[in-house]
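J.: Below is one structure. I have some questions about it.
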């Protein structure tokens, strides 16, 4: 939501919450206006005894306050004897040997039976509202929470914020700076203000600092101590903000609350971004149980619409639009979360049922009331005791109580990994290697290109096209260079820049790249047409986007060939922006096709330039070095096993990812073999990956069912698959039209003197391959215009059909 039209926040001395009383210790009371439990019927008591003249010493503070409020009946010193009334005599029942206790009253027998039964423990009582320490708290309220235990500054809560110029707090209207969040009297600003300005307002000191001028802010008078407000403590990570989910009282009388934490942008994995507001918070999925004693007072976290209208709602108002996942470190709009259907929670987490397990609040020292035994197993769970700490987030659940997660045994956590287990974890494709061998020359060229583009003031026409077969380290090399340049930037040896990474596979359509670029620069989401308009103005020298508009922008586009459209307008716009004066844009494109610029329109290929970088396939020595560098310090492979896997993959495609996958699968085979045989480290020869494990992994990877289907295809089916690989590599696209594929097949058959098939025959074979999920086909109504796509990597087709005895000429096209 655009908050640029939000009026500046006025600080008119209005408090957002009542002051806490200083006298009287904190005594929690249940709000009687919203009772959640009916008062149970008390057990019969003995006849009252005449009270003495001296007051009885109360056993608790609660009881003493109750005795002072309740008037005591005064009795006379001379007791008055009641008038005796004649009683009817009853015949005593005859004793019976079978029922010796029949003469006792029935009520006495019930009391005796109750004393003999074990007392049931009290259970926690849930409340909708709780009056605690002079404040009323309910579920759904936002509150400040102490972050440090025993901090004296947390108890300091000034009535109103002081002016940053005169350092006095009065009833005069104050205006807040949107940069430093400081309060200023209208008369103290130079020049003085007559009314609160609309829109964003920055104080003169922040404006001077933005302009690069050296300015000294006013200092408080000598001997005056500045007291920070709760808002300032929260934004400086000295307090927490939380949302109350539920309230209850434990059997020991202590009040607790389950809260959901808020965090400031600095506490996220991404840190504070330029688009974050100064008062912005993120709601998290982190839940915790805290004592009511740690809660200070209310604050108000509002939605964007509410925050826009809250121009005069005090100093404890904050803005929240997203929820932050502390596990996956991603963001989601609260509006999208609120629109989702609510799922039914576990019965143990439902609000308290007022009909069961009531704990009396007015008679804590009396005997436990009898309770009906619950029928649900969830109510029989025992609650853990809570430690008395103000700043510890104990009882974190993260919502795991809804799925009944179990605790991992300690022996599993303390298990020491073997060399084979370490090798399996290291060889994962998702594991980031410590170094990237065999690509030093290419990385130096990329680094020199980026540094030259950054040092150039105008960055005119800087485009770099990187191509190569899959699995040759193109993307990883560029990202390694950018990480190295980032360290130089942090040390102050490089000019500041912005880096944007986009993968074409993650875009729903090529036009969505405009939205991604604009959101990375501004932090706002708009449609792709508006984003294209704003980006064109930005790179043309018009209206700039973001606060870091003058910094160079390095745009990395992976899978560049997926941005091709019918008129190629997307690629034209992206490659045309760097050619404009003062655009400060550098484009690095990565694709698998070598001759992609030649296939583009002349106006696009001319803007792409002639600076290219080719990543050739790895040979077996380079693959062996890559695997050895990953396994450095882990003695889990035989040298011959690594060399055998490297030679096998280098003969096929030179894909490093395929080599790592084979070695990882071989390590799994070896680990399973060792655990099944029960060998220890004494027999070291069988505790490492040997040639047999590599052979088994290769057979599993290259002898998969779909590869067997390719090998057993008819003659024209094999020709169609090889022709698809050839066309996809030549065009650089992910799909091919049937008419182009058929023309290629007919041309090959004519050159190699094969029988020419008809279009219907080729179409039937494509349908058969589609039924086996070897290729993906569109609906058959399009006939010759339908698009075809390989469902498996082209390396599998190469491995399966490179040696076909019935079609020996097919290998020259692979």
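Each residue, glycine too, has its Cβ placed from N, Cα and C.
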J.: Among 182-186, 187-191, 192-196, 197-201, indicate the range for which Swiss-Prot gives the feature region 'Histone H3 binding'.
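T.: Swiss-Prot lists region 'Histone H3 binding' for residues 197-201.
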J.: Which one of 512, 592, 687 goes with 468, 469, 470, 471, 472, 473, 474, 475, 476, 559, 657 at the ATP site, as Swiss-Prot has it?
T.: 592
J.: Could you tell me which of the ranges 105-112, 129-136, 137-144 is annotated in Swiss-Prot as motif 'Nuclear localization signal'?
T.: 105-112
J.: Who sits close to residue 166 (Zn(2+) 2 binding site): which same-chain residues at least 6 apart have their Cβ under 8 Å from its Cβ?
T.: 185, 188
J.: Quick one: pull the CA-CA distance for residue 163 (Zn(2+) 2 binding site) versus residue 558 (Mg(2+) binding site), whole Å only.
T.: 52
J.: Which of 163, 188 has the fewest nearby Cβ atoms, counting only those within 10 Å, among these binding-site residues?
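T.: Comparing Cβ neighbours within 10 Å for the binding-site residues 163, 188, 188 has the fewest.
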J.: Kindly report the helix/strand/coil residue split of the domain 'BAH' (218-335) according to DSSP, in that order.
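T.: The domain 'BAH' (218-335) comes out at 20 helix, 51 strand, 47 coil.
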J.: What three-state class does DSSP give residue 559 (Mg(2+) binding site)?
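T.: The three-state answer is coil.
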J.: Would you mind checking how many other C-beta atoms are within 10 angstroms of the C-beta on residue 558 (Mg(2+) binding site)?
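T.: Its Cβ has 20 other Cβ atoms within 10 Å.
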J.: Measuring CB to CB from residue 559 (Mg(2+) binding site), give everything in the same chain under 8 Å that is also at least six residues away in sequence.
T.: 503, 504, 505, 590, 591
